[in-house]
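Colleague: Pulled these from TrEMBL:
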| type | residues | note |
| --- | --- | --- |
| BINDING | R33, Q34, A35, G36, R37, D83, Y159, S214, H330 | substrate binding site |
| DOMAIN | 28-37 | domain 'Uroporphyrinogen decarboxylase (URO-D)' |
| SITE | D83 | site 'Transition state stabilizer' |
Amino acid sequence: MNRSATSAAGAESRFLKALSGEVQTVPPVWLMRQAGRYLPEYRELRARAGSFLDLCYTPEFATEVTLQPIRRFALDAAILFSDILVVPHALGQEVRFVEGEGPRLDPVASLSEFARLREEIDLGFLAPVYETVARVRAALDPEVALIGFCGAPYTVATYMVGGRGGDEQAAARKLAYREPETFQALIDRLVEASVAHLLAQVRAGAQAVQVFDSWSGDLPPAEFARWSTEPIRAICAKVKAAAPEVKLIAFARGAGAKLADFAAAVPADAFGLATAENRIAARAAVPAGVALQGNVDPIALVAGGAALDAAVDGVLADLGHGPLIVNLGHGVRQETPPEHVAQMVARVRRG
Ligand code: 1CP
């Protein structure tokens with residue numbers, strides 16, 4: 001292949017072709033949380049880095065961790081190794097990752113606590129993240145795409161208000177019901193911060209960006225429209241206006257019956273589907289020519305064998321007649337045998 005004829009824009013990339021609406025015999029495949037503790041080489045580097053945040057903010061380490069799954073599995077896309085909670089961190093909120101427990105933040109649960117946040121995201125604080133993007137882009141083959149990301153404002157707000165995950169995001173939902181103006185101000189600030197953070201990743205070399213809304217699926221329809229759909233719509237519209245070439249993936253995990261309204265409003269190039277989504281209904285709910293991404297059960301990936309092959313075949317059969325990016329319905333689980341990822345990639349490419 002004449003590599004000089006292809007640019008970092010990825011003319012050969014199956015992943016970018018799917019995001020342009022192309023239907024392909026062999027669709028692209030990557031996995032949410034494809035870097036992480038199921039890989040021994042990740043665990044080794046994580047131990048050397050010290051804390052999870054040190055790993056995220058040291059370009060040498062974050063670059064290496066981003067590339068680990070690409071080397072092993074020849075996936076179609078790399079995703080920047082970082083976390084959605086670097087955005088509140090760069091807004092001035094204290095963020096820690098407690099070993100074995102997950103993220104802990106000093107909660108922003110009132111107007112006075114909200115007032116202590118920065119008005120604008122400190123992009124200088126996140127310079128190591130953008131340097132990681134540039135290093136990864138330079139290291140990847142042209143046909144492997146690089147994905148940047150952010151958390152959706154609602155999901156990020158649930159951690160900012162509750163100080164941690166879990167409990168059905170009740171702290172954020174209570175604030176949204178009791179003080180909708182305060183919650184709206186927080187969401188608006190996160191929209192602007194997310195746009196700035198995504199555009200900085202695009203300037204550094206990300207060709208696509210994914211917005212992860214992990215927790216909005218639990219919201220009733222009216223709250224979902226206000227706190228999930230509208231802020232993600234605004235982010236996508238602003239990113240498209242500033243960088244028309246960048247591809248956008250919106251993943252509202254568990255949107256279910258709310259997907260049709262979400263997809264009608266949000267100007268994304270692909271929509272992610274969670275594990276439990278009905279794929280046929282989802283295809284009908286999303287405008288023609290827009291790609292779908294998903295939704296192999298991460299637990300079938302743990303199980304492997306014939307069950308994994310059947311899970312992959314189900315996605316290909318149900319969605320392969322349209323633009324498709326094969327992925328999981330949520331992130332790779334820690335107990336996943338790495339060989340099963342190789343099996344999944346081989347099954348997708350067998351056609
Ligand atoms: O080594 C470790 O202990 C850290 C585990 C870990 C990893 C590997 C965390 C802590 N974050 C990450 C990386 C990460 N997080 C990526 C990197 C790229 C990739 O390989 O996919 C991405 C895209 C995320 C996004 C993220 N972080 C989300 C959205 C997606 C999802 O999984 O729903 C959320 C909700 C977080 C918060 C977070 N970060 C880490 C933890 C343990 C959590 C909490 C999850 C929870 O509350 O259940």
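Any Cβ shown, glycine's included, is placed from N, Cα and C.
Not measured: the values here are computed from a predicted model.
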Colleague: Checking the spread of the substrate site as listed (R33, Q34, A35, G36, R37, D83, Y159, S214, H330): what is the longest Cα-Cα distance, in whole Å?
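Modeller: Across R33, Q34, A35, G36, R37, D83, Y159, S214, H330, the two farthest Cα atoms sit 23 Å apart.
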Colleague: Least buried of the binding-site residues R33, A35, going by other Cβ atoms within 10 Å?
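Modeller: Ranked by other Cβ atoms within 10 Å, the binding-site residues R33, A35 bottom out at R33.
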Colleague: To the nearest Å, how far is the Cα of D83 (site 'Transition state stabilizer') from the Cα of R33 (substrate binding site)?
Modeller: 10
Colleague: Same-chain Cβ contacts of the domain 'Uroporphyrinogen decarboxylase (URO-D)' (28-37) under 8 Å, 6 or more residues past its ends?
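Modeller: Apart from its flanks, the domain 'Uroporphyrinogen decarboxylase (URO-D)' (28-37) reaches 13-15, 17-18, 43, 46, 65-66, 68-69, 73, 75-79, 81, 147, 301, 325-328, 330-332, 334, 341, 344-345, 348-349.
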Colleague: Have a look around Y159 (substrate binding site) and count the other CB atoms within 10 A of its CB, chains all included.
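Modeller: That number is 28.
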Colleague: Looking only at Cβ atoms, how many others are within 10 Å of the one on H330 (substrate binding site)?
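Modeller: Result for H330 (substrate binding site): 22 other Cβ atoms within 10 Å.
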Colleague: By a 10 A CB contact count over all chains shown, which of the recorded positions listed here is most packed: R37, D83?
Modeller: D83
Colleague: Hey, does DSSP put R33 (substrate binding site) in a helix, a strand, or just coil?
Modeller: coil
Colleague: Looking only at DSSP and grouping its letters into three states, which state does Y159 (substrate binding site) belong to?
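Modeller: In the DSSP reduction, Y159 (substrate binding site) maps to helix.
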